[in-house]
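If you check Swiss-Prot, you get these features:
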- 1-249: region 'Aspartokinase' (REGION)
- 250-470: region 'Interface' (REGION)
- 320-392: domain 'ACT 1' (DOMAIN)
- 401-478: domain 'ACT 2' (DOMAIN)
- 471-815: region 'Homoserine dehydrogenase' (REGION)
- VAL473, GLY475, VAL476, ALA504, THR555, GLY797: NAD(+) binding site (BINDING)
- VAL476, THR555, LYS579, GLY664, GLU667, GLY797: NADP(+) binding site (BINDING)
- VAL476, THR555, SER556, LYS579, GLY797: NADPH binding site (BINDING)
- GLU606, VAL609, ALA611, LEU613: Na(+) binding site (BINDING)
- GLU667, ASP678: L-homoserine binding site (BINDING)
- LYS682: active site, proton donor (ACT_SITE)
Amino acid sequence: MRVLKFGGTSLANPERFSQAAKLIEQAHLEEQAAGVLSAPAKITNHLVALSEKAALNQSTDTHFNEAIEIFYNIINGLHTENNQFDLNGTKALIDAEFVQIKGLLEEIRQAGKVEDAVKATIDCRGEKLSIAMMKAWFEARGYSVHIVDPVKQLLAKGGYLESSVEIEESTKRVDAANIAKDKVVLMAGFTAGNEKGELVLLGRNGSDYSAACLAACLGASVCEIWTDVDGVYTCDPRLVPDARLLPTLSYREAMELSYFGAKVIHPRTIGPLLPQNIPCVIKNTGNPSAPGSIIDGNVKSESLQVKGITNLDNLAMFNVSGPGMQGMVGMASRVFSAMSGAGISVILITQSSSEYSISFCVPVKSAEVAKTVLETEFANELNEHQLEPIEVIKDLSIISVVGDGMKQAKGIAARFFSALAQANISIVAIAQGSSERSISAVVPQNKAIEAVKATHQALFNNKKVVDMFLVGVGGVGGELIEQVKRQKEYLAKKNVEIRVCAIANSNRMLLDENGLNLEDWKNDLENATQPSDFDVLLSFIKLHHVVNPVFVDCTSAESVAGLYARALKEGFHVVTPNKKANTRELVYYNELRQNAQASQHKFLYETNVGAGLPVIENLQNLLAAGDELEYFEGILSGSLSFIFGKLEEGLSLSEVTALAREKGFTEPDPRDDLSGQDVARKLLILAREAGIELELSDVEVEGVLPKGFSDGKSADEFMAMLPQLDEEFKTRVATAKAEGKVLRYVGKISEGKCKVSIVAVDLNNPLYKVKDGENALAFYTRYYQPIPLLLRGYGAGNAVTAAGIFADILRTLQH
């Protein structure tokens, strides 16, 4: 005998209902089959709402009519498929049931409340009608059907709304029915009968449990749970798209997973199957050829030490603590006896080794009752201050990692908690079962999905993912996108994926939580309708529970730089070539670092100085190793390196500036380069890295241009005026040459001060040969002197700058 149970989604419409029927038929043709059915999807919700609204004397018409319509739709479809289906007879049964429901609703209205026995009678009508429709389907195809009446044949103990089946007595009753071998067996799920013969329920979503009980009573070869997914996954595939299907699980693994929130199987399903070692197979009604997941006692050890990650939401944690608990016998017993007496299920328990406190979780719906019960139980201790006031923390979730292999495996807990820490998720409490089959962490509910994603990434997925949010798509930003596209396959081989989830310019932005299609990103951005808005980005990462978001600023805007502190606080890493943030007032500079440290996220700005050259990282490493910066000089502008190199070759200032502008070495308005302010910012950043606390206004700057030159003029007008300075620079170049020197635009840090100026350097100076757009940075330190640590290379250009940003983005994975 095979038992097949079908859930509501598998019976939701005529097509799915027929598919379920055919699967029962196919099983019956191979060996006798029993079908256990839930109510069609949405029906139980409607029925529950009917009694609730009737008790409040509210209209029930909408729920009543929608429920009937679902049944009518199914039977009409089944009749269309097979005109032998007894449409009129089945419709009459449905109508009769709803007439009875209407009568019960009227009684509820009169009483102003709903008794549990009446509620149970209404709530289970969906299952009863599923059986009526399935019986008609089989009879239309010439089969003889045996209906197992769960009220008469499954003995249960407990309340009207949640009871447990007595398998031994129920087996005797089922055996006494002498079910003929040729009959298709059908039974409504969710229901049983108490010792008085009254209808009772097995708890919401209890049809899985019903099927397991029937399988145990029949001594079935297998209990198949047919649902709308391919089996049991390592976590909810709706939360983590790359969750893995588990081919096998042990009974105990399945019980732990279902207890802590896995939705595929009801927590009590395994209990009746385990004593007889009846396998439980989870299958997909919509994909019956898929192998599914097998749960039994014969699971062999396999590579997966962890089988699943679950989240159980809507919990409250109670902390009972105080000096009166230390060494006092029976305190824990009193706590949990009080909970048991109030009918409150305790889900997780943790106790400090000092015996000073006990913490436990209950469903949040039970929190108020639990608090009242505890305060009553410990009234004397609370009054005498032997106990502190009962603390209740609401809106919590339990994240659990489950697997039989965890007992032998090392480092699972470390990876679990490390993943939560890296996702900036605070842990409220921790518990581990004595079997070492599961580890649980209590976290804020608004972080639960991020916790599942981060934990799954750490335990199951070697692939590291960066979710990139790019602001600024000019030369550098556009080149960065192209590099990301080019490197996709290479990074995939290294198990790294960069998903560009947002692209924004000053006006509009594109968003996609799964990563944008970058093939035609420019055109897509041009046609985007979403205005650029940082608040939308923040809402986006919270809505989609992004685990590793990286905010990349490729603008030079002060306004965007002003967002970094908030971005770090809200959970972004920040990567930027924009120098404005690091050269703002020291208060903001320090705030950025404090926020990065507090949120355990990275603020990376290697390209602030030297574009793709590893300047910042090398300086930080030197200082971390105990070195000290004593003196610095460097050429920090690629455009001015080019310009002064060409002056040396004999070109005039106006000629070389026009050439640099044409080649794109300068800003569209070359005065931005010639003012020296960009070099001043870079020099200030280096000084601050070395621990020198200066403001931008403290940097002494000698610009290339005289003060006031071309003020109020356009860029083109400025270029027309520039020849006025040619003779002066020709003279300065000649004077330097006569002394065996060349002119360079140099930034210096000395004795706690910063200066940017035009300097004549001789052949012995490391900056003498630096030109053609190269940068060179000479660090004289305690360790590096008299010969400095010299970093030299091209420090300008979209490609090298984008490559430096790319490297910083990848460094966030070392988080």
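Backbone N, Cα and C atoms are what each Cβ position is placed from, and that goes for glycine too.
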Nearest to ALA611 (Na(+) binding site) in three-dimensional space, by Cα, is which of the binding-site residues VAL476, GLY664, GLU667, GLY797?
GLY797
Other than GLU606, VAL609, ALA611, LEU613, which residues of the same chain sit close to Na(+)? List them in sequence order, counting a residue when its Cβ is within 8 Å of the Cβ centroid of the site.
THR607, ASN608, GLY610, GLY612, PRO614, VAL615, ILE616, ASN775, GLY795, THR801, GLY804
Taking Cα-Cα distance, which of the recorded positions VAL473, GLY475, ALA504, LEU613, LYS682, GLY797 are within 10 Å of LYS579 (NADP(+) binding site)?
LYS682
Within 10 Å of ALA504 (NAD(+) binding site) by C-alpha distance: pick out those among the recorded positions SER556, GLU606, LEU613, GLY664, ASP678, LYS682, and say none if nothing qualifies.
none
Within 10 Å of the Cβ of ASP678 (L-homoserine binding site), how many other Cβ atoms can you find? Include all protein chains, please.
19
Within 10 Å of each Cβ, count the other Cβ atoms, then let me know which of the binding-site residues ALA504, VAL609, ALA611, LEU613 comes out lowest.
LEU613
Which of these recorded positions is closest to VAL609 (Na(+) binding site) if you go by CA atoms: GLY475, VAL476, GLU667, LYS682, GLY797?
LYS682
Quick one: Cα separation, VAL476 (NAD(+) binding site) versus GLY664 (NADP(+) binding site), in Å?
12
Mind checking how the domain 'ACT 2' (401-478) divides into helix, strand and coil residues in DSSP?
35 helix, 21 strand, 22 coil
Go through GLY475, GLY664, GLY797, our binding-site residues, and report the one whose Cβ sees the most other Cβ atoms within 10 Å.
GLY797
Do you know offhand how many angstrom separate GLY664 (NADP(+) binding site) and LYS682 (active site, proton donor) by C-alpha?
20
Can you grab the distance from GLU606 (Na(+) binding site) over to SER556 (NADPH binding site)? Cα atoms, rounded to a whole Å.
15
Roughly how many Å lie between the Cα atoms of SER556 (NADPH binding site) and ASP678 (L-homoserine binding site), rounded to a whole value?
11
